[in-house]
Amino acid sequence: MAFLRSMWGVLSALGRSGAELCTGCGSRLRSPFSFVYLPRWFSSVLASCPKKPVSSYLRFSKEQLPIFKAQNPDAKTTELIRRIAQRWRELPDSKKKIYQDAYRAEWQVYKEEISRFKEQLTPSQIMSLEKEIMDKHLKRKAMTKKKELTLLGKPKRPRSAYNVYVAERFQEAKGDSPQEKLKTVKENWKNLSDSEKELYIQHAKEDETRYHNEMKSWEEQMIEVGRKDLLRRTIKKQRKYGAEEC
């Protein structure tokens, strides 16, 4: 998003709107983010875009995680991250400064590289890149979030009774393709009696209980490591109201 704002800043500095820079597009272009033509050079240009350096704490975490894993092979990732966070808090300022200085040095290099990168683009290229940048940013953000939650050991969501049934019956279902197998399983599920479905409903309830218990434990760990932003909204509200009552 920061890069997108930088791009838009270039357009503003030129004193022209997106529509003005695309004179001739006519009614096909209704907003700065509505495009009907995306040049092939998008990928190559975006690939050459400088990447922001990681923060001093994240640099420290990436460095320490393999060490902690080797020392504690049976420990969960969330526990390792909690220990690393504690180690960072206890780290003397003189040692933290090493990571902070490295970040500042890389940030300065990044600023120079991004400046040179933007100078190579024409206003029309900037216009065309905006949508691609936005799309890639949103996809990357979602993917990063998913990877982060996996790394932090967030519990898997509970399965429905139908999903439990699919997992059990899919492999043996008739069909030459996954789509055909799934269709068969779906039809078989519809034909089950309520009493036959009850077994899978019970499994789903047990999975719901498992998820609730694991999430409660996981969110307590996230609070310990300073990641309250990952709590469910209902939990955040409960903690907020609880604090107000105190």
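Cβ coordinates come from backbone N, Cα and C, glycine included.
The shown structure was predicted, so the numbers you read here are calculated from the model rather than taken from an experiment.
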Query = Among S17, S34, S48, S56, which is annotated phosphoserine in Swiss-Prot?
reply = S56
Task = Given the candidates S27, S115, S124, S195, specify the residue that Swiss-Prot annotates with phosphoserine.
result = S195
Remark   = Out of S12, S44, S61, Swiss-Prot gives the annotation phosphoserine to S61
Message = Within the DNA-binding region (155-219), count helix residues (DSSP H, G, I), strand residues (E, B) and coil residues, in that order.
response = 49 helix, 0 strand, 16 coil
Ask   = With DSSP, how much of the DNA-binding region (50-118) is helix, how much strand and how much coil, in residues?
value = 56 helix, 0 strand, 13 coil
Query = What count of other C-beta atoms do you get within 10 angstroms of the C-beta of S160 (phosphoserine), across all chains shown?
reply = 15
Query = Cα-Cα separation of S193 (phosphoserine) and S160 (phosphoserine), in Å?
reply = 17
